[in-house]
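Quick notes on the structure that follows.
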Amino acid sequence: MATTTTTARTTLSTTQPSQPRVLSVGKSSSHSNSKSPVPSIILVPGLGVQGDCHSGRSVQHQALRQSNPDAPNLRQVHLIPVESLQQVSAKIGGKALSPGEIGENITTEGIDLATLSRGTEIHFVGPGDATNNAVIVLTGLRDPGPGIDKVRPGLKNHFVRRLAGVMATVKQGGSIRPGMRIDVVRPARADPLVVV
């Protein structure tokens, strides 16, 4: 299904894929607001994205680390649908937000991540590779802090909880790259995602 949204400054056109997929991947070794797009990322079980500043067994987010440095890291991987970036871009006008610009590791397409339950598994499947896929488990919603306004002034006000993406931990490691298919395995119990 193709949709076109026109604002005073920006025209965004999207075509929903028939199968949810990975659009972009990124990482950053420093606690910056954005993550640089890369050809692939490696997920490490129980840690997160290899070489990313948020990788670790205990919380790595700077503000959360100050209040409880020994808390388990429920924010190992950040995912956001490109549709959220497009929706906010249409509201704010100007240059469209790019994948990785607000700090996500994985930009998805064709899946509304915020409607999934806590404990949902996301399986990343490459072409012709039905085994040995990386698997993450959704832990909650992202609630961006004031640092997101360094990307663009006033941006935080546009990323209300359901638009800011979801957080996850790594259950099974592997390489993730753009174009990979996303398979969803829902938990037996449907608990809504809350901010982590």
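Glycine is no exception: its Cβ is also placed from the backbone N, Cα and C atoms.
According to TrEMBL, the protein carries these features:
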- 1-15: compositional bias 'Low complexity' (COMPBIAS)
- 24-38: compositional bias 'Low complexity' (COMPBIAS)
- 36-185: domain 'MOSC' (DOMAIN)
- 1-38: region 'Disordered' (REGION)
Taken over the domain 'MOSC' (36-185), the predicted model's pLDDT averages 93
Secondary structure of the compositional bias 'Low complexity' (24-38) by DSSP, residue by residue, totals 0 helix, 7 strand, 8 coil
